[in-house]
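Comments concern the structure below.
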Amino acid sequence: MPHIQESRVWCRSISQLSHLAEQFVTENGTESTDMKLLLQQCVDTLSNYQDECKKIKSVSKPVPSKELYDLYETAYVYFKIVSLIVLNKIPKLEEYARAKSDAVDRTGKQLLEIYNMLVNRLVKDDRIAEIKRFVKENSRRDPEAKNEQIGVESGKSIPATLLRNLLMGPSASGTVLLVDVRPRLDFMRCHIKSSSIICIEPVSFKESYTDIDLGKKSMITSPDAEIALFQDRDKFDYIVVYTQDSEKNKHNVQQQQLLVDLLINRSFEKALDRTKVFILAGGFSEWSNAHPDFCVSSQGDSVYLNGDTSGLSLQLMPQTTPQKQYNNMFQTMLSGPTDVHGIIRNPHNFPTQQKSKLKRVPSFRDYFRSSSSSSNINERPGSVPPQLSNGSTIYPETPKLMTNDEYMKSLPQLSPITARAITSPSRALSAVGVSKSSASNSISSLLANSGSASPMKPPDTPLPFTDSIKTLGQQNLTVAVSNLNFSVGLVNCGNSCYMSCIIQCLLGTQELCTMFLNNSYQNHINLNSRLGSKGLLARYFSQLIHQMYQYGKDIRKKMGNEKTAVIPTQFKIACGSINSSFKDNTQQDCQEFCQFLLDGLHEDLNQCGNNPPLKELSEEAEKMREMMPMRLASAIEWERYLTTDFSVIVDLFQGQYASQLQCKVCQRTSTTYQPFSVLSVPVPSTRTCTLTDCFTEFTKIETLEQEEQWSCPSCKKRQPSTKKITITRLPRNLIIHLKRFDNMLNKNNVFVSYPSVLDLTAFWANDYDKKVTNNNVELPSRGQVPPFNYQLYGIACHDGTLRAGHYTAYVNKGAVLGWCYYDDTNWRQIRSAREYITQNAYVLFYHRIHST
């Protein structure tokens, strides 16, 4: 009997359309590694998607027809293309990684703002869910699909009895993937018995996540078997999500609904067009009561009990699609008959508008122009402070500040920064001998060649702190060091312990604390600093310190709790307005926050922040520098650095190290000098180690792997090479970050023994032989005179994993209070003399001391 073709026209399925989008991404020019070009393509494609949505909305009678199907299909494909490029491709680019790590790169910062805008558009788009629903309802269903036997709409709840039938009923209704949305510890103790079950902790994801984020972030420490199950999620007939459904676990219930919505509407990597997603009614509580024989505890997961995931084999998520060469055009792919997954569809063309190349819109360039003004906090939409669970305690809150205009009027009259008395380069540089005769007359020419077109230079002496606090400002400086022994806790504003521990440690820095308490920091604000926030971050930080001082100075007890704690709402909002990483309630790395805060304060107080960037060294100047002793070359580089970065933060916290590459064939070297505020040192993978061992590991000669070998300018090719890091400048206050997490977020919980008094003299570059020859000049020492002994005054501690851990702090508050322990709202004096020496140490704070 001849086959009778159906008269009805069907939509292509979600999986078919997703395949088209993936094919376009891999075959049509998106193999570029230029982040700006890819962002331009995304903006253009998103504009096309919006045009299709407008056409869909303009249809007065949405009667199923080929033309209507074309609109919905094209809209979905456009959206999918943007999501694949933005969420899959761009995060893998080296340029993206550099932009995220380099806060000084203005272009990178602008690209990240555009990228974040695109992510925000994707996540908050309220039309794609309806488009997917329409496509699913009007695409041909697989007659053998088992999930059609259950007449429950995806996203709804099913009772425990139905789930049991699905898992073990005689009808074998289909395959089920269970998703347990509870803390890993609860999951280990007891969960539903099934070989296809995974645990996604409720704290591991947020509203802006997609299915890609779940795989790459939320499940980064999950067992291999669970990661494999999640990767095959689209092969299951049903996904059933459950949590501990009770009044005490409202947050988990909210996260459960969030996860279901994510799987249904934001599954960009694996389209769940044939998989239904359900919620287990009553949660695990009802299941365990009804089917106690169908519950089981996990064995062999003790690695999660103490947060030590160093033994786990964490996986890199595979790319959605392989990289291919360009061979097709977009309109060819969409308009022609397509054989997708073995299903041949009758040809029908997409709207003619799509037959041309993706159109460009002028808005992309506008994003660059408008992004530079986005750093002003008062120009951003307001945020609602996070709700706190304890309603019985009223915490003192940092007050809201005046508007920006009011603040500018209230500032003391500042003389123009460019009018500051500046010494000429020739006077700023005085003789330090060069040990190699070939470089004996090179310093002047080197400075000339290296030059900054800067109209100003920093003074020869650093900003004074130790001799007289009065030089910091013209205010009434009544806060004496003896009065800095205040202590108060900070309320956790939703996983903000990473912020609290750093604030407590930084307040142990007496010079910094004094400067903000007496308001002398205002005399250093540079309103024209290119990367600053016009003093807004500094103001919020000062307000918080004042509030903590006010509520902490009168405490006569040896401890404090939530009744005396301060809630840092306004400061947290300010930080989130400047850096979106700190905007929501997700856990962050405390050392990254420390770096952000110090960088932000530096830029606000940067006296040279509006100077033009430094010019790169010429090849001749670089060769001259390589011939100099590292002691001299680093001093020259530091003086160059100060022409664009000069602030009290630099004087208090910043140091410098040299990273030197050397060709093992011809012995040529290339040295770069890098300033730092937080010095990250590796932790050896041994049973125990000392802090000195960490510095030894940090400064040892490293033989580079073949793919990392240096392209030697003399040999004109990649050669076997080594890398050596040398500390060339040690700051007044040294912040040391113990690198306990590797690139896969495995944590090294090795106990690092750190001393109360640390001697780093042996690690400081001291290759200058003090031979003075003609035409040599001497650079200001700026405190770089050995020995370098440091006194410990703060420890930020981390317990658990990077995604699900907790931060606390130990701080030496001076002679009156001594060492104190801080855990959010609670604080107390230490209970034993060596309590602050702990295995959980993560960031160490040292202050330089001088022998009397």
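Every residue number used here counts from 1 along the chain in the order it is shown.
Positions of Cβ are set from backbone N, Cα and C atoms, glycine also.
Note that this is a predicted model, so its numbers are computed, not measured.
Here is what Swiss-Prot records for this protein:
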type     : residues : note
ACT_SITE : CYS497   : active site, nucleophile
ACT_SITE : HIS806   : active site, proton acceptor
DOMAIN   : 172-296  : domain 'Rhodanese'
DOMAIN   : 488-849  : domain 'USP'
REGION   : 369-393  : region 'Disordered'
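Secondary structure counts, DSSP: the domain 'Rhodanese' (172-296) has 58 helix, 22 strand, 45 coil. Across the fold, the C-alpha of CYS497 (active site, nucleophile) and the C-alpha of HIS806 (active site, proton acceptor) stand 7 Å from each other. Secondary structure at CYS497 (active site, nucleophile), taken from DSSP and collapsed to helix, strand or coil, is helix. HIS806 (active site, proton acceptor) falls within a strand when secondary structure is assigned with DSSP.
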